[in-house]
Structure formats: C-alpha cells, structure tokens
C-alpha cells in the first residue's frame with residue numbers, strides 16, 4: 001500500500017489537471033460548456049486511500065487517469081464505504097484538483113442515498129450542479145444538467161444495489177426546483193420529463209413540491225403539465241389533485257378545474273378542505289361567487305369543515321365585488337363557527353372598506369382586531385394610513401404614522417408619500433418635511449413629484465433654507481433630485497430674490513450632472529429680470545446656447561419684458577427680430593409685452609402698429625392685449641379710440657373685464673365726463689362685474705375735479721353699502737378735491753378719518769394737504785402738519801419744501 005501511495009503521489013505531482021471555471025447555466029445552450037484552466041496539483045500529503053480501497057490495494061497500482069479510477073470504482077462500488085469515499089473524493093478534488101468523471105460522482109451520490117446519508121448526498125449534488133467540483137465530462141457534452149440526469153439514470157439502472165430506492169431522483173428534482181431557480185423552470189421540467197420517460201416514477205410528494213414551486217413561480221401551465229405526466233402512471237392522490245386544481249384556477253381554467261374535481265369524485269378520491277379552498281378561490285377570482293358559495297355548501301354536506309382559509313377566500317371575493325354587507329355576514333358566520341379571523345383576513349376587510357371610502361368601518365375593524373387579540377401589522381397600518389389620506393383625515397393618518405414609527409413597523413413608500421402629500425395640501429410643510437427626512441433616513445426615496453410639491457411649498461412659504469437643506473440631504477444620500485425638482489427650487493429662490501443661492505444651485509446642478517433644461521435657465525433669467533439683473537439674464541441666455549439648450553419663446557418673453565420695464569424699446573425690438581430669425585413664432589403674450597412696453601414709453605402709435613401685426617397673424621386675441629391699449633388711450637384722453645377698441649373686443653367675442661371698465665371709467669372721469677363714467681359703472685354691475693375700489697376712486701377723482709363733493713360723498717356711501725373700503729389713493733384724491741375747493745376743514749377731517757381707519761397717509765397725501773394750506777395762506781396749519789409728519793417719521797420732500805417756501809415768501813410780502 002505504501003508503494004502505491006508513493007507512486008500515485010508522484011503521478012499527482014507530475015500531471016496537470018483541468019479545473020472548471022464556470023458551470024453551465026442554461027439547459028441546452030451550446031455556448032454554456034464548462035471552461036477549464038490548468039494548474040499544478042500540490043502533493044497529496046495525507047495517505048488516506050488505504051482506508052477506502054483496502055480490499056483492492058493490488059488494483060490501484062496501475063491507475064493513472066480519472067477514467068481508470070471510474071472503471072475501478074464501478075467495479076468495487078458495492079463494497080465501498082460511502083462516508084470514507086466521500087472524504088476521499090473531496091480531498092482529491094479540493095486539494096489535488098483531481099477531475100473525477102461525472103459517473104464517479106453519480107455512483108458516490110447513489111451510494112450516499114442508499115445509506116440514507118441524505119444531507120451529504122444533497123450537498124454533493126449541489127456542488128456538482130454548481131460547478132464547484134473538478135469534473136471530467138465525455139466529449140461532446142454541451143448540456144451539463146441533462147448529462148447529470150442521464151448518468152444518474154444509467155448508474156441507477158446499471159446497478160442492482162441502487163435499485164432498492166428511487167429517492168435520488170426525488171432529490172435531483174427537489175434540488176433543482178429549490179436551489180437553482182435562477183436557471184429557470186424549463187431546466188427542471190426537462191429533467192422531470194426525462195426521468196419519467198425512463199420509467200422512473202417520482203414520488204407524489206416530490207411531484208407535489210414541483211407543482212407547487214411552479215405555481216409560486218407563476219408557471220401554472222407547467223404545473224398542470226406535471227400533473228398530466230404523473231397521471232399517465234396512476235391516478236394521483238388528493239394532494240396532487242388539489243395542487244393541480246390550484247394550477248388550473250391560477251391559469252384561469254376554472255372549468256377544467258371543475259372537471260378534475262368531478263373526476264376525483266368519480267375515482268373515489270375524496271376532496272379535502274384544501275381541494276375545496278383552491279377551487280373556491282378560482283371561482284371567486286373568476287367572479288363566480290354564487291358557484292363558490294354552492295361549493296361551500298357541498299363541502300359542509302360532505303362533512304368537510306370549512307377552515308379559516310375557506311372564509312377568507314369567500315370574504316375576499318365579496319370585497320372585490322364591493323359586496324360589503326354580504327362579507328360582513330360571512331364574517332359573523334365564521335365567528336359563530338368558532339373561527340377567529342387572522343390578521344390577513346382583517347387586512348382584507350380593512351382594505352375593502354378603505355377603498356369604498358368607509359374609513360370609519362375600517363377603524364372599527366382595527367379595534368375589533370385588538371379585542372380578539374389579533375395584533376395589527378404593517379399592512380394594517382399602511383392600508384389605514386392610505387385610506388385616511390384619501391378621506392382627507394390627515395391628522396389621524398399622521399397619528400397612525402407616528403404609531404408605526406414608534407412601534408418599529410415597516411412603512412411603505414405609498415403610505416409615507418400619501419401623508420406627506422396630504423400635509424402639503426393642508427400647508428403643513430414643517431411636518432411634511434419631518435416625515436420626508438424620516439423616509440430618507442430609512443433609505444426610502446420620495447418620488448420626484450412629491451419632492452417637487454414639497455420644495456415648491458417650502459419656497460412659497462418662505463422656507464428657502466429648509467428647501468435647500470432637503471436638496472442637500474437628498475444629494476448626500478445618493479437620492480439626487482431630478483431636473484424638475486431642481487427647477488422648482490431654483491424658481492422659488494429666484495421668485496424670492498435669492499439670486500446668489502439660485503446661481504450656486506445652478507452651478508451645483510452642472511457639476512453634479514443634473515440635466516439642465518430650458519425651464520432651468522428660464523427660472524434664473526426670470527429672477528434676474530425681476531430683481532434688476534438684466535445683464536446677468538443675457539449672459540445666461542448666451543450660456544444656455546453654448547451648452548446646447550436652445551432659448552425658447554419664454555426666454556425671449558422674459559428678456560424682452562425686462563427691457564420694456566426699463567424703457568429700452570429699441571433693444572427690445574432688436575431682440576424681437578432675433579427671436580423671429582431663430583424660427584420662433586411670437587405668441588400673444590410676447591405681443592402683449594411689446595405693446596405694453598410701447599404704451600408705457602408713451603409710444604402709443606408703435607403699440608397700435610404691433611396690435612395690427614397681431615391681428616394679421618390670426619392669433620386669437622384676449623382681454624389682456626385689449627386692456628393694455630384701452631388703458632393707454634384712456635390715460636392720454638383718447639376715448640374715441642378706447643371705445644372703438646371696446647366695440648372691437650365685443651365683436652370678437654372677448655368679454656370686457658374689470659380692468660377694461662376701470663381704464664374706461666378713469667379716462668372718462670379724467671376728462672370730466674363723469675355721467676358717462678357712471679353709466680359704465682352701472683353697466684359693469686348689470687354684466688355681473690362688481691366695481692372695485694379702483695373704479696370708484698377713478699370716478700371720485702372726476703367729481704373732485706368738477707368740485708362736486710356731494711356726489712363724492714354719495715359714492716362713498718355707495719361703496720360702503722357694497723362693503724368696498726376706500727384706500728389711501730381714494731382719500732388722497734378726496735383731500736385734493738376739498739383743497740381745490742378751499743374747504744380745508746373737510747380736507748383735514750378726511751385725513752383724520754383716514755388715520756382712524758388705520759390707513760397710513762404717504763408723502764403724496766401730506767403734500768396735497770400742505771399745498772392746500774399754503775394756497776389758502778394757512779401757514780401755521782401747514783407747519784403743524786409738518787410737525788405731524790415728522791412725528792410719524794415722514795420728512796418733507798422737494799415738493800413740500802417748495803410749497804412752504806412759497807407760502808412764507810407770500811406771507812412776508814403781504815406783511816411788508
């Protein structure tokens with residue numbers, strides 16, 4: 001023996017053996033051959049062979065290859081100790097990289113099974129399938145999995161020792177179905193068919209396991225195919241039939257399941273509770289609730305007691321059809337029969353009630369659960385939270401969410417999002433932010449729509465610091481906000497005039513690889529134009545073009561609007577033409593901006609030309625454009641053109657609005673045509689438009705210019721009857737009217753009334769009254785008013801000083 005060990009050791013040291021790098025992963029794929037690399041084998045080191053081959057030491061001296069060992073192993077396998085052989089195989093393969101043949105491994109596997117060493121046999125089979133053992137395959141093998149089955153069958157049929165049991169094949173199918181799901185169930189199905197085709201009938205237990213595994217893998221047709229193959233050998237037992245019925249029902253073949261159920265009865269196989277439950281589940285899923293209830297009655301009549309699953313199936317079917325009262329009746333019947341609903345059934349009921357909007361019934365069920373000793377789980381709470389949010393009971397949903405956090409329940413993304421969305425809707429952004437941070441802490445990423453809503457809300461409520469912090473936390477967590485959410489934050493910052501932060505965020509987006517779109521740049525350009533940084537706005541327009549983001553009509557609209565606000569109409573016109581050269585068609589908004597710009601620059605003729613250009617483009621006109629021109633004409637007293645525009649807008653089906661009438665009333669009143677203005681005021685009211693303080697103030701101004709202060713008082717009473725309160729401008733105009741008439745006492749009384757109503761006069765108001773006093777030579781009253789102004793922190797401007805100087809000068813001349 002020592003001589004053999006020395007010879008074999010020398011051979012092991014001298015020869016290089018192939019080692020598998022990877023096993024086949026797909027049944028029948030010619031590309032998935034085992035690949036081999038070579039390495040020099042280390043010395044055996046431990047002479048263990050004698051214990052295994054003791055009776056055959058003389059045969060070992062001539063062994064020089066895996067095939068020779070295979071022949072010897074087959075010859076002597078009946079007398080080999082499986083445990084010792086297993087140690088030898090692992091030592092030789094792991095330490096020496098000896099590539100035993102597949103048949104050698106299969107012989108060893110069968111020996112282990114025969115000796116009831118199932119754990120060792122299972123592990124060996126797993127290592128073999130997984131490619132973790134060096135192996136010698138016969139030439140031409142491309143499908144390792146099929147080859148394993150073929151060799152196992154051949155070794156089984158070729159040895160009387162192995163024929164005492166077929167558990168090895170049960171194990172083969174079980175291992176593939178449970179440990180190698182990633183290969184796909186086509187592999188195990190092919191192995192199953194091959195084994196059965198060789199006359200090796202598997203146990204019903206194994207077949208049932210395979211069928212159940214296929215159903216779980218959403219392969220109901222394959223599951224039923226297993227049943228059909230097994231049925232060819234002998235009629236299956238109740239367990240196989242029940243699983244087959246489940247497969248048929250899951251595949252939508254309820255009629256075929258009913259036929260199998262009938263066949264069971266005809267063959268004398270009594271259906272059990274699982275059989276009935278599976279069939280009822282299929283009927284309920286198919287909407288055949290009446291058939292399901294009839295089957296339940298038959299079940300009772302045959303002495304099969306309904307289980308918790310039976311009632312759960314029926315209740316679930318009723319809830320899906322929104323038959324809540326009937327579901328409640330089944331629940332009560334179940335309780336009468338001594339069955340306590342489990343958490344799954346309670347959750348089914350709670351979900352149904354929440355979906356129908358009956359949250360109170362769902363909450364009552366939760367209380368019933370606790371009384372029955374059934375503890376709510378994460379599904380219960382998540383369902384209730386979603387239901388409460390849909391019912392707009394955000395505070396209660398928030399309470400449950402806090403309970404879940406304290407109780408350590410798993411909170412799903414939908415529940416948390418529903419509460420946060422509801423809190424945002426109710427303007428509770430601080431609490432919404434708290435839950436959002438909790439989500440992020442739990443590695444749940446809020447969806448983009450929710451983040452956009454929250455960040456927009458925070459910005460609208462002047463919580464820009466919180467919005468920026470949330471944005472930063474998202475980035476640090478690897479949940480970087482998308483372009484839309486980033487745009488919402490940039491827009492909020494620009495709207496608030498926080499241009500430094502907006503520009504920093506823009507750079508951060510660029511550095512972080514967040515895609516910038518036209519809206520991103522437009523948001524910052526909007527902020528620049530709004531907050532007097534027009535030059536920066538033009539630089540951003542240049543930058544976006546350089547980065548391949550084309551300016552759109554909104555970009556030009558914003559920049560042209562900025563130029564118009566500064567009265568730079570020549571530059572606005574240049575940009576207008578550039579917009580057209582770039583293939584953009586100005587819309588009504590852009591025309592409106594240009595028309596308004598020309599009107600504000602007192603270039604009404606150019607504004608009218610743009611209006612006619614707009615008409616020629618056949619763009620549908622709106623009240624905004626008409627109102628701009630009507631206001632411009634009314635302001636310069638050109639009421640003929642203003643009224644023509646009023647007629648034109650009516651003819652085009654554009655309804656005059658409050659702005660239209662306000663401009664016309666102002667124009668008429670300013671020209672002293674107060675009666676016509678009054679007619680317009682009455683016309684407004686008849687058309688369902690309530691005149692506002694602007695309309696009344698314009699008309700009051702007209703009466704004041706005419707000195708008709710009694711009419712002014714009548715209008716004030718009318719305003720009061722409609723609950724329209726005079727503003728600072730109204731009172732200032734009235735004071736000016738009294739001063740014009742020399743009625744300084746009434747003017748002073750108007751100022752006192754103004755103050756008593758909490759309306760703070762401005763410099764214009766004080767200058768008006770100061771001028772009135774000076775005009776009438778009331779120098780002392782003028783200086784008293786000056787003191788009154790100073791007490792309120794208002795200082796005379798050049799107009800006020802001029803009035804007082806003239807007043808003093810006139811008084812000095814009169815004294816001389």
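Cβ atoms are placed via backbone N, Cα and C, with glycine included.
Feature annotation from TrEMBL assigns repeat 'PPR' to 237-271 (among others). If you average pLDDT over the repeat 'PPR' (237-271) in this model, you get 90.
Same-chain residues lying 6+ beyond the ends of the repeat 'PPR' (272-306) with a Cβ under 8 Å from its Cβ atoms: 238-239, 241-243, 245-246, 248-250, 252, 254, 257-258, 261, 264, 313-314, 316-318, 320-321, 323, 337. The repeat 'PPR' feature in TrEMBL is assigned to 272-306 (among others).
For 342-376 (among others), the entry in TrEMBL reads repeat 'PPR'. Away from its own ends, the repeat 'PPR' (342-376) comes close to residues 308, 311-312, 315-316, 319-320, 322, 324, 327, 331, 383-384, 386-388, 390-391, 393 of its chain (Cβ-Cβ under 8 Å, at least six residues beyond either end).
Helix, strand and coil counts under DSSP for the repeat 'PPR' (377-411) come to 27 helix, 0 strand, 8 coil. The annotation repeat 'PPR' is assigned in TrEMBL to 377-411 (among others).
If you look up TrEMBL, you'll see 447-481 (among others) marked as repeat 'PPR'. Within the chain, the repeat 'PPR' (447-481) has long-range Cβ neighbours (under 8 A, six or more residues past its boundaries) at 413, 417, 420-421, 424, 427, 429-430, 432-433, 436-437, 440, 488-489, 491-493, 495-496, 498, 501, 505, 512, 514.
Marked as repeat 'PPR' by TrEMBL: 482-516 (among others). The list of residues near the repeat 'PPR' (482-516) in space but at least 6 beyond its ends in sequence, with Cβ under 8 angstroms from a Cβ of it, reads 448, 451-452, 455-456, 458-460, 462, 464, 467-468, 471, 475, 523-524, 526-528, 530-531, 533, 536, 544, 547, 549.
Helix, strand and coil counts from DSSP across the repeat 'PPR' (552-586) read 26 helix, 0 strand, 9 coil. Residues or ranges marked as repeat 'PPR' in TrEMBL: 552-586 (among others).
Among residues of the same chain six or more beyond the repeat 'PPR' (587-621), those with a C-beta under 8 A of the stretch's C-beta atoms are 553, 556-557, 560-561, 563-565, 567, 569, 572-573, 576, 579, 628-629, 631-633, 636, 638, 649, 652, 654. Residues or ranges marked as repeat 'PPR' by TrEMBL: 587-621 (among others).
Sequence annotations record features per position, and here TrEMBL assigns repeat 'PPR' to 622-656 (among others). Helix, strand and coil content of the repeat 'PPR' (622-656), in residues and according to DSSP, is 26 helix, 0 strand, 9 coil.
Beyond its flanks by at least six residues, the repeat 'PPR' (657-691) meets 623, 626-627, 630-631, 633-635, 637, 639, 642-643, 646, 649, 698-699, 701-703, 705-706, 708, 711, 722, 724 of its own chain at Cβ-Cβ distances under 8 Å. Feature annotation from TrEMBL assigns repeat 'PPR' to 657-691 (among others).
Annotation source TrEMBL lists repeat 'PPR' at 692-726 (among others). Each residue in the repeat 'PPR' (692-726) gets a DSSP state, and the totals come to 27 helix, 0 strand, 8 coil.
As annotated by TrEMBL, repeat 'PPR' applies to 762-796 (among others). Counting residues per DSSP class in helix, strand and coil order gives 26 helix, 0 strand, 9 coil for the repeat 'PPR' (762-796).
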Q: Could you pull out which residues elsewhere in the chain have a CB under 8 Å from any CB of the repeat 'PPR' (552-586), counting only those six or more residues past its ends?
A: 518, 521-522, 525-526, 528-529, 534, 537-538, 541, 544, 593-594, 596-598, 600-601, 603, 606
Q: Please list, for the repeat 'PPR' (587-621), how many residues fall into helix, strand and coil according to DSSP.
A: 26 helix, 0 strand, 9 coil
Q) Taking DSSP states H, G and I as helix and E and B as strand, how many residues of the repeat 'PPR' (272-306) are helix, strand and coil? A) 26 helix, 0 strand, 9 coil
Q. For the repeat 'PPR' (237-271), what does DSSP give as the number of helix, strand and coil residues?
A. 26 helix, 0 strand, 9 coil
Q | DSSP-derived helix, strand and coil totals, residue by residue, for the repeat 'PPR' (657-691) | A | 26 helix, 0 strand, 9 coil
